[in-house]
Amino acid sequence: MSNLLTSRQAEELHKSLIAYLSSCNYSQSAQALRTELNLPNTTFDAPMCKKYEGLLEKKWTSVVRLQKKVMDLESKASQLQHELDSATPTSLAARKNHDPSTWLPRAPARHTLQSHKNPVTCVAFHPVFSSLASGSEDCSIKIWDYELGELERTLKSHTKAVLDIDYGGPRGNTLLASCSSDLTIKLWDPADEYKNIRTLPGHDHSVSSVRFIPSGAAGAPLSGNLLASASRDKTIRIWDVTTGYCLRTLRGHADWVRALAPSPDGRWLLSTSSDQSARMWDLGQPDSNALKQTFAAHEHVVECCAFAPASTYPHLAALAGLKKAPPASSSAEYLATGGREKVIRIFAINGICIKTLTGHDNWVRALVFHPGGKYLLSCADDKTIRCWDLAQEGKCVRVIEAGDHFVSCLRWAPSVWKDALPASGDGLQVNGNGTAANGVGAKGKEDGAGSKEVIRCLVACGSVDLNVRVFSA
């Protein structure tokens with residue numbers, strides 16, 4: 001008899017084996033086992049045998065389930081140990097006190113928002129109110145209250161998949177822009193129940209990205225009114241949202257233009273393309289001379305890009321081997337790109353790749369720099385969000401399981417600026433990088449008001465699993 005089982009457990013197992021063999025019509029094997037164990041039909045009769053039927057299978061499947069649970073817990077323990085090994089005194093203190101400058105999202109999500117009928121392609125936070133917009137391949141845009149986790153309204157006007165959305169526009173008059181495979185860009189007014197106030201036709205193929213250009217862009221009278229769009233027709237267009245006119249068309253990419261990112265001051269525009277390059281445009285120059293730099297280190301489609309905020313300069317300068325960081329007043333010193341190579345590349349403005357971050361197992365779909373400057377966040381088709389510590393040479397310090405399918409989009413809620421609010425309270429404009437779109441920097445240099453950036457610990461992502469997830473402190 002095995003030393004692992006008590007005599008009673010062994011007897012139960014023997015009876016279960018006989019019942020299993022009998023139920024499977026292996027009568028000879030069952031009888032041989034009865035004889036071997038001295039359990040004749042008189043001692044272990046048919047009604048009693050019936051009671052033991054299925055017991056062996058139940059035990060067997062429960063062991064498999066428990067093994068899976070043990071493996072999942074071991075994986076989670078390993079992940080937590082990795083976080084612990086990567087922790088610094090600063091990050092541990094930040095976790096305890098929720099220091100916004102070093103806060104990072106962690107699973108599970110605070111809210112999982114469900115209503116879309118097809119994959120979610122894009123998300124965007126309202127700069128002032130607790131509203132989150134999401135766009136989907138179901139042709140709709142949904143507006144959520146991210147604090148309550150409730151659906152507020154659904155916007156329907158596009159006739160094909162919504163590919164990107166962004167909040168912005170003239171100061172005191174925030175608009176929502178959306179673009180679609182139906183070749184159009186639409187403008188919605190949140191102050192008028194999200195009425196579709198304008199449709200901008202002009203692109204010859206799917207419009208894949210839209211971004212409001214922050215105030216401070218060249219051509220001061222139009223500051224705050226400018227919207228950039230990228231398309232599969234290989235062009236980038238700049239629009240005046242007040243009149244609906246296309247002001248200029250930037251050409252240079254040899255294939256589908258995938259994503260856009262304006263610099264915090266609105267002077268520079270970054271674009272990525274299926275031509276395996278990222279390009280930087282100077283919006284202060286005429287079209288013929290606007291292309292400033294081409295970043296060509298990628299070997300596959302470049303899906304996403306982001307300008308690094310000034311708060312990252314000390315860390316990125318160290319990565320670049322510089323002893324002194326560039327001045328914070330410079331709006332475009334470093335940038336990050338990601339794509340189908342499954343890697344993220346960080347570039348200096350001269351076109352040199354200073355760091356390649358590897359870790360994702362599938363296409364990288366979106367990038368966002370932490371407003372505090374210490375981290376870069378990315379999401380990918382490997383169903384995760386990854387957090388890279390720029391102060392530790394880009395080490396991956398957290399992996400968040402952020403969906404049951406590809407994670408297609410990621411946004412950090414824009415910062416708010418204390419002492420920069422007008423009396424009405426609705427004039428605060430902030431761009432997607434967490435920098436005030438009215439040109440006010442963290443130190444309030446432009447208006448002398450000493451405005452202070454307040455980082456919001458709030459991140460949202462969308463997935464092919466049809467869900468929008470909100471992570472918060």
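Positions of Cβ are set from backbone N, Cα and C atoms, glycine also.
TrEMBL does not curate its annotations; it predicts them automatically.
As given in TrEMBL:
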| type | residues | note |
| --- | --- | --- |
| COMPBIAS | 81-91 | compositional bias 'Polar residues' |
| DOMAIN | 7-41 | domain 'PAC1-like LisH-like dimerisation' |
| REGION | 81-101 | region 'Disordered' |
| REPEAT | 113-154 | repeat 'WD' |
| REPEAT | 155-189 | repeat 'WD' |
| REPEAT | 200-249 | repeat 'WD' |
| REPEAT | 250-283 | repeat 'WD' |
| REPEAT | 357-390 | repeat 'WD' |
Within the predicted model, mean pLDDT of the repeat 'WD' (113-154):
95
Please report, as numbers and ranges, the same-chain residues at least 6 past the borders of the repeat 'WD' (357-390) whose CB is under 8 Å from any CB of it.
86, 100-105, 303-316, 319, 336-346, 396-412, 415, 432-434, 453, 455, 459, 461, 463
Six or more residues beyond either end and a Cβ under 8 Å away: which residues meet both conditions relative to the repeat 'WD' (250-283)?
205, 208-218, 223, 226, 228-232, 234-238, 289-296, 298-307, 309-310, 331-332, 335, 337, 339, 347, 349, 431-433, 435, 437, 439
Please work out the helix, strand and coil residue numbers for the repeat 'WD' (155-189) from the DSSP assignment.
0 helix, 20 strand, 15 coil
Counts by DSSP class (helix H/G/I, strand E/B, coil) across the repeat 'WD' (200-249)
3 helix, 23 strand, 24 coil
